[in-house]
């Protein structure tokens, strides 16, 4: 998520109907037929003996059923990973590590202790990472030009809710699904009634998150539905994100990561219709730390850390360092335009202000009721208008605008590179700085 994605299906309100593929359940059962024991020697019955040796039945052995994912994805992951051990896809030794963290008994003990605390247990994060991989695998195969953005958002969100087994603040969606197109770099999600359609020729950023016990996995990718020349832009941004992941580590300065990201990003250029465009890092977007239930890493009154994607200068140089145990979204944005974004368009992302009051004390009863609902359903997690309707809110716009006007709720309009013809792309992964190594939680075969 920026600082502050098969055929369509009936249950997702998509017009192209196709039979849903049910989850495969394989009942592995070993059955042995009845067998008569061989009897020899003195124990053998004499000829004509009326007594017959009784048959012994061997016990049937049952193996547990194997459950695999359905299409569209609707099988909760606890039914697939019954032992609670979710995949570890990528572990990376820290660069220039002279302390042998990966083999250190002390560091391994730290990790063991982390597993005993439900709030820091790595399985929370890994489950979120696996939800993201399985949902996006389906989404990448099934997004097609001609679909409404609302249909795409519901494809992502219905899958996420099912796989993470949504349950209040224990598990659910991490933030509204971003579906920013072309010059819009971030913070667009369709509002109710939005009829915007994905067009052939669009470059689409799909940015979505999932949380388990407040541990948010935030990851994004870009899809090109038009001129393959734009693929070079996607390559530049993917390479820049991987550079940020490579550079990140314990005791690394945030400013140094930004400088390396920009070097890689801006080594690329894109040629479209005979014209060459340099790729620029979008200077006022960045990655960010993540803390429980806080997508941008706030810790009480302290703001989270930002991971720049450009070289910083003068008083803007952020010399803060990454620390052991921290959790970051490494995301980069590239543009063929100005390399800077501005707010433009109707707001669609919202979040409670950090110091929002416990209850509304103004004169608008509807605002009081809505604030209570926001706190009950979302807490500090971001939300959008569609999510308000998902939890049953109606006729809420006046109350929502009142809360925004009074600074109780913050609104986030889409972020746009305003240069005519600008094209933007985004890639993002979530990383965990474990005591022994760096784990890229959201890594998959796709990016």
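Every residue gets a Cβ built from N, Cα and C, even glycine.
Nobody curates TrEMBL annotations by hand; they come from automatic prediction.
Taken from TrEMBL as is:
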- 1-78: region 'Disordered' (REGION)
- 14-25: compositional bias 'Basic and acidic residues' (COMPBIAS)
- 26-46: compositional bias 'Acidic residues' (COMPBIAS)
- 51-64: compositional bias 'Basic residues' (COMPBIAS)
- 124-332: domain 'Peptidase M24' (DOMAIN)
- 187, 296: substrate binding site (BINDING)
- 207, 218, 428: divalent metal cation 1 binding site (BINDING)
- 218, 288, 331, 428: divalent metal cation 2 binding site (BINDING)
What is the pLDDT of the domain 'Peptidase M24' (124-332) when averaged and given as a whole number?
97
Comparing local Cβ density (other Cβ atoms within 10 Å) for the binding-site residues 187, 288, 296 points to 187
What subset of the binding-site residues 187, 218, 296, 428 lies within 10 angstroms of residue 331 (divalent metal cation 2 binding site), using C-alpha positions?
218, 428
Cα within 10 Å of residue 207 (divalent metal cation 1 binding site) is the criterion; apply it to the binding-site residues 187, 288, 296 and give the hits in sequence order.
187
